[in-house]
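K.L.:
Residues or ranges marked as compositional bias 'Basic residues' by TrEMBL: 18-27. The compositional bias 'Low complexity' annotation in TrEMBL covers 58-120, 256-266. TrEMBL lists 302-337 with the feature domain 'Zinc finger Sec23/Sec24-type'. Residues or ranges marked as domain 'Sec23/Sec24 trunk' by TrEMBL: 394-634. If you look up TrEMBL, you'll see 639-725 marked as domain 'Sec23/Sec24 beta-sandwich'. Marked as domain 'Sec23/Sec24 helical' by TrEMBL: 739-820. The region 'Disordered' annotation in TrEMBL covers 1-125, 206-299.
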């Protein structure tokens, strides 16, 4: 098997001594077979075995993932109804259960160990589970590298793998929906697949993107993922996680300094700034930053004179000329950029210049690329000289000081979060030259003087919130280093000063923040809101009368009344001001009553910011999460004053660009400006054919992000992608990416919401996208190799059904009766999160065992689920000897106590790994949820995506049966070709 994998992994190299040759053909399809042997794929291990086809008539397994056969013709297909899902006909024992799932229904019978025969059935269906597929991918890439030019399709999202940059962008920065593009638009249309690209220009390098000579085992995930099983015998010995790499990481490199500290009792508050990051070696400790070249003091950046593409590794160099790989035009090389070229066409400075050998790199550009002001109206990419001096990114913190926010503890938590984001334990976190301002608001505005020479906080109050002004001429901003004492004093006064009013005027505070940052070229506004803003301008009263709730509302009424941003102050006035002045806005909301997030989120989405909600804010529980969220946005800001341009090969054109919560027309790849950028900034782009591609050549894509970094330096980040061209539909499906396809499908669907479609239509469109892809594969490829009654899944899209099912069950797309806080969800990113060892467990309640403990992480919340029968030794090792039982645990614990036990070190190291590796934070809160005890158990159980949800959304097995039924129906209804014969014969 290893020899076979080695042969299949061999491909093209980027060495100039070797000539290009065609890539070796690979197997083009994957099947879902029960009871068949697994076969690992060279590039991406298949979800299902290629030895047979999936039979939906197989016997049901005890795990709840079995298949009871194709529904009879008398049973109607499940369709999405207005506002809810129609329940499929189920066995009698399931029909007796009420629709609304309650934790009390989680009976003890579900925790009984299955019989040997049941285990066999479970193993047969395990290959259909996404966690199992990703675990196999991790095992395959444990000792292998992913070479961006030699290898074809990227690994599954969430896989630990080392990337070697060979002049093609890492999947961490650029992900294509397909890595074998149809040569014609007719072939693309026949596949039913979208052609597009998902960009994450400022992905954290620690997530696994690497260059040629470094090592970094990175992981990222776009989709729901996994629950880790902390077996009930962990207190007796090491964790048996099935992965030697992570076992060593968690066990041997545990917190050595914990033994030297006094272990606090369970429930003891631990300093939120405690640095647990060094408890686990980072997977990117040897990871270099994105390489850069300095063109700031040259005549200009080498670019194609026709399409204006930047110099990249795929351009042919002749010494004094370069041939564009996108349009084929020959352009002269600037005189100060010429170099000798050998017989193979390789420049003598090939290894010294990143733009000649790296797929992702940065260029420091001259003053001609300086950001243009809103008054000039010209784009910076045009190369006009403004002479404007660039400044470091400045910050304005807007804090709610109303009595509601102070009484709930939100104001105090907000001030702590600001101080942590500025200083933390490692001192200054902002670049040199950055400055901050602090602005409080209730019914009035409070400006603080941050002059470094002051000994106590000085505040000026502005009562006119409709037309605010800045009382301090030049001292409202202060350096975090020079004014550290006065900044701390101002934050202390902000939370200790008695509140004068319970009402708040958020709109006036946002206008004042614009007045502060507009003359300085833009910046970042961080708003911490702890009450409902009811004062004009920008008043956001509750959209629903008290006690009415959202139950019983139709989907169209819910979208119109709740999800629509209808306040013109945010959608028109502030949006224009903030975008024109390059100001980004982040909102962190912890109000005790419902807040209209639709309007706030509209402003943050348009400006490149983020919105985070704590619907039931409790300071003792949520203070750490709030601090982490603020710290990630402030410290993670990658730049501002950005413009994005996407270019592609001849024969293709940019169709739509999905960014900032809306869809922009292609217009030759020009995208609207983006005020701020961060590690989570992502752009999706779709392409269409305007001609025929040559199968003898590759297709090229280039994304250029022109921006000002936090230190005030003007840069361009270049991302280059290269894919092959084919005339075979089988190649398109085999080398497709389920993760990118899902992202593009979700963004294209949500771009029409809520103006042109409803939640019901969004669900229907997502399901229709899966049905279209699977049915076209069955018609074009599977008809020749499958037998009647078999469901055939393409290799590249094997995980797509599970991912779409997870999106359907996410909070953002649930009905109003289930999740009233979904009003602020603008982008239903795949609702799964990254996870590491112990090995992942199938997301089903049937997998939860008696006396077990499970850790789940969804990217925002970390849940530690404990059964009531967990051994007492387990509780003592994890929470301390002062805790006598699970019932004695404090549900408001936010961090696990530091104990000198093997179990404590392992679990804390695992939590620290998840937090540091995926969020870049030293620590993360852990929410305790006990079986049939804590209300948050419902949130944990909602992550069991392979089960039927509370709204009667399909289980994974039911969804596969539905897909199979729809594929068969489409095959029967499709028109048959004319003539007696069809095909090549």
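Cβ from N, Cα, C; glycine included.
Keep in mind that TrEMBL annotations are predicted by a computer and have not been checked by a curator.
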K.L.:
Sequence gap of 6 or more, Cβ distance under 8 Å, 3 or more pairs: do the domain 'Zinc finger Sec23/Sec24-type' (302-337) and the domain 'Sec23/Sec24 beta-sandwich' (639-725) meet that?
P.N.:
yes
K.L.:
Quick check on the domain 'Sec23/Sec24 beta-sandwich' (639-725): DSSP residue counts for helix, strand, coil, in that order please.
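P.N.:
Split by secondary structure, the domain 'Sec23/Sec24 beta-sandwich' (639-725) comes out as 3 helix, 56 strand, 28 coil.
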K.L.:
Per DSSP, what is the residue tally for the domain 'Zinc finger Sec23/Sec24-type' (302-337) in helix, strand and coil?
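P.N.:
Grouping H, G, I as helix and E, B as strand yields 3 helix, 10 strand, 23 coil.
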K.L.:
For the domain 'Sec23/Sec24 helical' (739-820), what does DSSP give as the number of helix, strand and coil residues?
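P.N.:
Helix (H, G, I), strand (E, B), coil: 50 helix, 3 strand, 29 coil.
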